[in-house]
Amino acid sequence: METLNLNPVRKHGCADPQAVAPSADWTIDQNWEAYTQEEHGVWKTLYERQSKLLPGRVCDQYLDCMKQMPITADEIPDFRRVNDLLMKHTGWQIVAVPGLVPDDVFFTHIANRRFPAGQFIRSKEKLDYLQEPDVFHDVFGHAPMLMNPAIADFMQAYGQGGLKALERGILPFISRLYWYTIEFGLVQQKDGIRIYGAGISSSFTESRYCLEDDSPNRIGFDLERVMRTDYRIDDLQKSYFVINELDDLFELAQIDFDPIYARITDQPTYTPDRIVPGDRVLHPGTLRYHRQKAARTED
Ligand code: HBI
Ligand code: FE
C-alpha cells in the first residue's frame, strides 16, 4: 500500500500545471487560503446554476449527501473540512492535484480511497469548457457520491481493476466502465431516470440533455456491452446506460473481470451511437444533436 507523502506547498494558480515538477503521487497542497475572490465567484456562479437544475434530475442520494457536506455557494470548499466528513462516512479522502494525472497515479490513489481533485478552477470566461477536471467538477460532481457506500466500494474496485488492466495492456475496457458509470451514469428511480455520474451533474448542458433531449440513446446497463462501447470525451454523449439502483454497484465491485476480458477481448467494439442486439432500450435516440452538428461542420 502506498502512503501519502507530505508535499511542500506549491505556488497556487499555476497557469501551466505541467511546469510544476510532480511529486511521486502528484499531490499538491490545496492552499485554500490563496484562492482569490474572483475564483470563489466562479465557484458561486457554477454552484448556483447547477443547484437550480439538479433537483428532480439528480438521484436522491446525491441530494441527501450534498446537504450534509460543508459545500456551499459562497466559496470553493476546503478539502480539510470535506475530508473530515468523507472519512467518517466511507473512509474516502480527496487530495489536490494540478490537473490530469497519469493513469497509474490515478488508479493508485483510487485503489487507496483517495480521490485526486483538481486544485484549480476554470476561468469565468470559459464556464462550460474544461480541458482537465477542475475543483468544480471533482468536488461538486464526485465528492457527494463518495459519501454513498456503493459508489465508495465501486470506486475503490475500479482503482484496483485499473492497476491490473494497466499491467496487462487492456485499459480501455475498464476506462469505458468508469466513463459510463462514475462519469456519465444514469440510475432508475421510482419517479424516473436520474443522474449519478459526475460528468453530468457538474455540467449545465448535459444535466438537461441526458434526460430530456430526444437525441441520445438511453439503454439498460449491461457490463459486457458497456466495456465494448467507445466513448467521446469532447462532446455530449450519444448513449447513456441506466443502472437499476446504486446498490447494484456493490455487486459490480465484486465481479472478477478476468473471464469477461477473456470473452470480449476479440470481439468488435461498438461505436457510441449504436443500439445492438440484446439492448434493453429505454429510449432510442434520434441522434439529432450530433447529426445537426456534423452537418454544420461539413459546409
Ligand atoms: N486524473 N485528475 C485526474 N482525474 C481523472 O479523472 C483522471 C486522471 N487521470 C487519468 C484518468 N482520469 C482516466 O484516464 C482513467 O480513469 C482511465
Ligand atoms: Fe470526473
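Keep in mind that glycine also has a Cβ here, set from the backbone N, Cα and C atoms.
Automatic prediction, not curation, is the source of TrEMBL annotations.
Under the heading Fe cation binding site, TrEMBL lists HIS137, HIS142, GLU183. The local packing around HIS137 (Fe cation binding site), expressed as other Cβ atoms within 10 Å of its Cβ over all shown chains, amounts to 22.
Residues annotated as domain 'Biopterin-dependent aromatic amino acid hydroxylase family profile' in TrEMBL: 1-299.
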List of residues, in chain order, with Cβ under 8 A from that of GLU183 (Fe cation binding site) and at least 6 apart
GLY197, ALA198, GLY199, ILE200
Other residues, Cβ within 8 Å of HIS137, HIS142, GLU183 Cβ centroid (Fe cation site)
PRO133, ASP138, GLY141, ILE182, GLY197, ALA198, GLY199, SER201, SER202
Would you count the other CB atoms within 10 A of the CB of HIS142 (Fe cation binding site), including those on all shown protein chains?
24
